[in-house]
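Database features, via TrEMBL:
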DOMAIN    276-348  domain 'DUF1736'
REPEAT    456-489  repeat 'TPR'
REPEAT    490-523  repeat 'TPR'
REPEAT    524-557  repeat 'TPR'
REPEAT    584-617  repeat 'TPR'
TRANSMEM  20-38  transmembrane segment
TRANSMEM  112-134  transmembrane segment
TRANSMEM  175-193  transmembrane segment
TRANSMEM  199-217  transmembrane segment
TRANSMEM  248-268  transmembrane segment
TRANSMEM  300-317  transmembrane segment
TRANSMEM  337-355  transmembrane segment
TRANSMEM  367-389  transmembrane segment
TRANSMEM  395-414  transmembrane segment
Amino acid sequence: MIKWQPYWDHHIPLPKLGPLYSRLVTAFVALICFINSYDGDFVFDDSEAIIHNKDLNPDTPLSNIWKNDFWGSNLSSNSSHKSYRPLTVLTFRINYLLAGGLHPIGFHVLNVALHCVISVLMIDVFAILIGGLVHNGREAKLSLSPKASFLAALFFAAHPVHTESVAGIVGRADLLCALFFQLSFLVYCKAFQGGDKTFSVLWIFGSILLCAVAMLCKEQGITVLGVNAAYDILMVCNLNIYELAHQLSGLLMRLALLFLGGSFLLYARWRIMGTGPPSFTEVDNPASFAENVILRIVNYNYYYSLNAWLLLCPWWLCFDWSMGCVPLIKSAADWRIFWPLLLWCCLMGLVYQALCSQDSNKRRTLTFGLVLLVIPFLPASNLFFRVGFVIAERVLYLSSAGYCLILAYAVGYCSCHWKKHKVCGLLCSRLVSRSQQWRSEQSLFASALSVCPLNAKVHYNIGKNLADRGNQSAAVKYYREAVRLHPKYVHAMNNLGNILKERNELKEAEELLSAAVHIQPDFAAAWMNLGIVQNSLKKFDEAEQSYWNAIRFRKKYPDCYYNLGRLESEGFFLNALKINPNIASCHGNLAVLYHRWGKLDLAKRHYELSLRLDPSAPGTKENYNMLKRKLEQRQRAVG
């Protein structure tokens, strides 16, 4: 194995710290950048992966995490996302157990701690990639690039694109995957500590085992085998024909072990998926549904250029990039076609320097920077299979290491021309502000409006958050905008229809809900809500059919069975009151029905009639007080 003393290392404007102090400083920077997220709420995808995931509950059999996907759905279900990450779910379950419930602080603290550990380990990873693996006589590792590896690790610790992975609790999957990715690589390097011409098969098997663990945290972990292979060819064998001839048998054996290990892991992963790959819709990844292959390729490359821009200039961040956030390029006249062309020009320039530069230090650093940048990104590239997103900042967590390595080289190379160095400070500043935005759904969703104003999901989530906080009037505005931007957005239609139902705007509510079930016939919740509206409009036969449709698509639906059972009850109570209008229990039961159906004015009237006839009617006063609080809340929201 060849070792390099990078000449540009001493140009880097950092003090030369010992191994311990450089690690402490890196961990401190990572901690400071994310410390304000430790007491944040559960936000966005945390709701499905944690709050509503029964696999976190200690009462649920532990074996379920090996049968279900990341979101708690059975892997054999056609609706499963097939994201198999049982070790990540296990850590969520441990958080739940230690905290005695769903308290977000413990979840956030562990995420921040993991990012600190990963940032520290990056010093070792970068040191090996820049200068090679060197030991002194006492088997202690030596770094030939202490400043360069330290700076690259600082860039990694402070890069704002990591905010989703660290401040968002579901980003735990990316953190754990990155941790075991690093350990797999470092263990692979340890196989060569005996010298250039010998290696340990045991350490190589250990590396493959850690790769399997990384895959059980997130599927992206398989890519470490590609990085290990690149390290073996480029660093161990040095791509030297003479050396390669002498080490060919050993190299082929190691590559065969990596290939066989990777093939076995991929086969096991495929078998675990059961029913085949997940199915995604056009709104999740519109480019993958383009019929013209050329347009598909152009748009994929445009997505790559946007990912590169997020690494280069992470001021344009958003929690979701789907539903119109990135319109498709449909013609050569679209000016945005310039960006993928610029990306490939830059990549080709880097590749040329990595292959043809006379400077061996530059070749090695840029080559490994590109390896770390590209290989971990491949599962998200749409090259091998369709992914369920346009852009996802979380998938850049590992790839950003390659960018940080290239950036550290650029700083070292250009230091003699730079008088001041503010890159790390700017990254830290942006990261702290972005981490603050991830503390609550209200601030997270609001921050996305300036980045993706055409994203229907952004407007939907703002509306939902407002409705959950009781501000239904403001929520209506955002739900309407979501439906305008995406006329087939059935969840926005359903939620808007519910609010209109409570406001007694029944005709429009019926139109919205009817459109929702027409677009998605198996939308059980919309069928039930449509039934409630039709019942309010005295369309009893249609309401009954809607309830039965809801039950057909969701067998276990107690609310719908309740509404179906009460459908004829309203008529019964009204007929009874026609005969005798002074039956307090009939007024009370009718009020409960109207209260549940959202007919709040009618509910108030019958509660008052019931209490006037029988002030001691069981439960009626409590229900009436609940209704008054709801009416007061609605009045405040309107005001």
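Residue numbering: from 1, along the chain as shown.
Each Cβ is built from the backbone N, Cα and C atoms, and glycine gets one as well.
Since the structure is predicted, the reported quantities are computational estimates derived from the model, not experimental observations.
Between the transmembrane segment (300-317) and the listed ranges 112-134, 199-217, 248-268, 337-355, 367-389, the one holding the most Cβ pairs under 8 Å is 337-355. Long-range contacts of the transmembrane segment (395-414) within the same chain: residues 6, 8-9, 11-13, 122, 125-126, 129-130, 147-149, 151-153, 155-156, 159, 161-162, 165, 171, 174-175, 177-178, 181, 220, 223, 307, 310-312, 350, 362, 365-366, 368-374, 376-377, 379-380, 421, 423, each at least 6 residues beyond the stretch ends and with a Cβ under 8 Å from a Cβ of the stretch.
Within the chain carrying the repeat 'TPR' (524-557), a Cβ under 8 angstroms from the stretch's Cβ atoms is held by residues 490, 493-494, 497-498, 501, 506-507, 509-510, 513-514, 516-517, 563-564, 567-568, 570-571, 597-599, all 6 or more beyond its ends. Ranking 20-38, 175-193, 199-217, 248-268, 367-389 by CB pairs under 8 A with the transmembrane segment (337-355) puts 367-389 at the top.
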